[in-house]
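S.K.: Below: one structure in structure tokens.
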């Protein structure tokens, strides 16, 4: 008998009920009792949905008010001093203060904890803050309360914990530099393990038989001391009187396989979607008493599982393992939308190819039933439907476009190279553009006012004509241009009033994308995103931005910059196809964007920015796999940017905090100008560019757009002087960290006035020095 179980379920609700309740609570429109009631309703509904889909062992503890890592920080008492409530007891407001830097009755104006990507997903977690003298204690009982809830409903359950090694790995040491630089956070393990033991003992006392302990870092390159720590930790935790399933996901175990197989636990979950090659090896290495859970259904994408293919593996495993076989999605379904059945307006053919969280649970259950009762009528019907879907999708003319494939096949090496090297190009560009030293610009977007959003909503709902919508957006463009001219910026942007999202705006105009109404997934806290779905070969039927940018250029004699989203970012922030490699999809996107770049150039646009915000996010978890990814990601950017003349200047923008390990690839992109987020690091990130001797122009962000604070001119001058120590002054641009979409106009204008003043001050100082 194969057990159908699940590692985790989306917590936001099919209608984003959690998001709405959280935001109502933060605004004071919903009290804590009301918020907790929404949480209970969602948990009960989600457990029932999984049960109805055929899941036998339900996850408990996958729900979180904001983030599962943050919930663990509260449970273990990892609450930074600035958030500790005076009365000593952690509350929901404590949790939200840690996440948002805001609380209604405590903690003052404390800065929120750092947030970063959860491995290589688009989910973000709150980074635990450890101190050298960190103590751990059981401080938050939400998990135990949820266990009682589920038991009261009569469910068979499996509580979910983040394992002690992964939890420590995900955190950061905070405090005095002289202490944190010499202290290894792994030394905290012995202090943390007793609290884990206490949690496990308490779960056992509640009658829990199995607990799932997530250790996703087993899919990473681990130092030897961390590998050794795994054995020590789980030797101690084996004393707890309940069964433990260690769950790994997002990649293969590789050199950690032997370690994972021999840990003193009762079961192991492996991801066979990301790493199918590990199956035969783990089967041979797993001790005969252990359960093996196979992740055969993709928990991170939206495509239906090929049930015949998955069943072939499951049947083989059943022959070897018998009742020790469990089946599950590859990872938590947190990364999947909730329920495909809500999509009442989705193209029926494309819809037949998809599966969201509820449907993925059904697929897992079908596989388990197919092991136990292969002739079951429902099983046979499900397998027949799966075969029909796979065949229809493989043959669909909507997916496979001969013209796109012919164009891909015709790509030559020269298509990914500019005509001349940067040193030649930059002289031609400077002669054409006639910009001053320290040229000023912005990253692209200006404030999205309520009026802009209402106009776009009315247009999409058919309440505003195309003509009236165009007129409204043109008025916003005229306003943005006038403001920039008045401030004195050198290179202007049109402000992107017509764009709701930097990916969706372009995806809506490309063939090969489809969009959902309810395909929301959690990004962090109450923020949800609705990624577009790439279902077929990608192409651009017509220009996407040219009319808007041309109109903006007509409003000014100054240089207007075209604004596009790059192919890698388009791919990373979409649900990608599974039937062709990601690099093929990136090339298709690159060709579509290349056409837009060339059309912008033909329209007289002299500077074109191609944003690659997600370039680094695509890096595989294992460093040995980086080179392949970086090669095709760089090639995709160059392919979209290399169709223009030397005189046309190509910019790119990246907004993340680590460049050292990818600086060669960033240089290989060969953008004429790269703008980057540096203000919060006080320009320290530029050290990577100096050490590498980065050859092209750079625009280090001189102020943080994530804050409404307006920095003064002297502060920005200081940052630019610091930047000039790393980058030759003739190659420095002056710009904010990122786009200004989320800011208001008053602070935007005030900050840009000071930024332009800072650039002029540096020009004057440089002129005086030359004189």
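Every residue, even glycine, has its Cβ placed from backbone N, Cα and C.
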S.K.: Quick one: which of 485, 496, 658, 664 does Swiss-Prot put in the L-methionine site with 443, 444, 445, 611?
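M.R.: Among 485, 496, 658, 664, only 496 appears alongside 443, 444, 445, 611 as L-methionine-binding in Swiss-Prot.
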S.K.: Determine which of 476, 612, 617, 624 appears in Swiss-Prot for the same 5-methyltetrahydropteroyltri-L-glutamate site as 16, 17, 18, 19, 117, 527, 528, 573.
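M.R.: Of 476, 612, 617, 624, 617 joins 16, 17, 18, 19, 117, 527, 528, 573 in the 5-methyltetrahydropteroyltri-L-glutamate site that Swiss-Prot records.
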S.K.: Report the candidate from 635, 677, 715 that shares the Zn(2+) site with 653, 655, 738, as recorded in Swiss-Prot.
M.R.: 677
S.K.: Looking only at 443, 444, 445, 496, 611, the residues listed as binding L-methionine, what is the longest Cα to Cα distance in Å?
M.R.: 13
S.K.: How many Å lie between the Cα of residue 738 (Zn(2+) binding site) and the Cα of residue 443 (L-methionine binding site)?
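M.R.: So the Cα of residue 443 (L-methionine binding site) lies 6 Å away from that of residue 738 (Zn(2+) binding site).
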S.K.: So around the L-homocysteine site, 443, 444, 445, 496, 611 aside, which residues have their CB within 8 A of the centroid of those CB atoms?
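M.R.: Going along the sequence, the neighbours appear as 442, 493, 502, 563, 609, 653, 739, 741.
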S.K.: Using the alpha carbons only, what distance in Å do you get between residue 655 (Zn(2+) binding site) and residue 444 (L-methionine binding site) once rounded?
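M.R.: Each residue's Cα considered, residue 655 (Zn(2+) binding site) and residue 444 (L-methionine binding site) end up 13 Å apart.
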S.K.: Helix, strand or coil by DSSP: which one applies to residue 18 (5-methyltetrahydropteroyltri-L-glutamate binding site)?
M.R.: helix
S.K.: Given the binding-site residues 443, 445, 611, 617, which lie within 10 A of residue 653 (Zn(2+) binding site) by CA-CA distance?
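M.R.: Taking 443, 445, 611, 617 one by one, the ones whose Cα falls within 10 Å of residue 653 (Zn(2+) binding site) are 443, 611.
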S.K.: If you count Cβ atoms within 10 Å of the Cβ of residue 18 (5-methyltetrahydropteroyltri-L-glutamate binding site), leaving out that atom itself, what do you get?
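M.R.: Total other Cβ atoms inside 10 Å, all chains included: 24.
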S.K.: Return the residues near residue 117 (5-methyltetrahydropteroyltri-L-glutamate binding site) by Cβ distance under 8 Å, restricted to its own chain and a separation of at least 6 in sequence.
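M.R.: Looking at Cβ-Cβ distances below 8 Å from residue 117 (5-methyltetrahydropteroyltri-L-glutamate binding site), excluding near sequence neighbours, one finds 123, 124, 125, 617.
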S.K.: Of the recorded positions 528, 677, 706, which one has its Cα closest to the Cα of residue 443 (L-methionine binding site)?
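M.R.: Comparing Cα positions, the candidate nearest residue 443 (L-methionine binding site) turns out to be 677.
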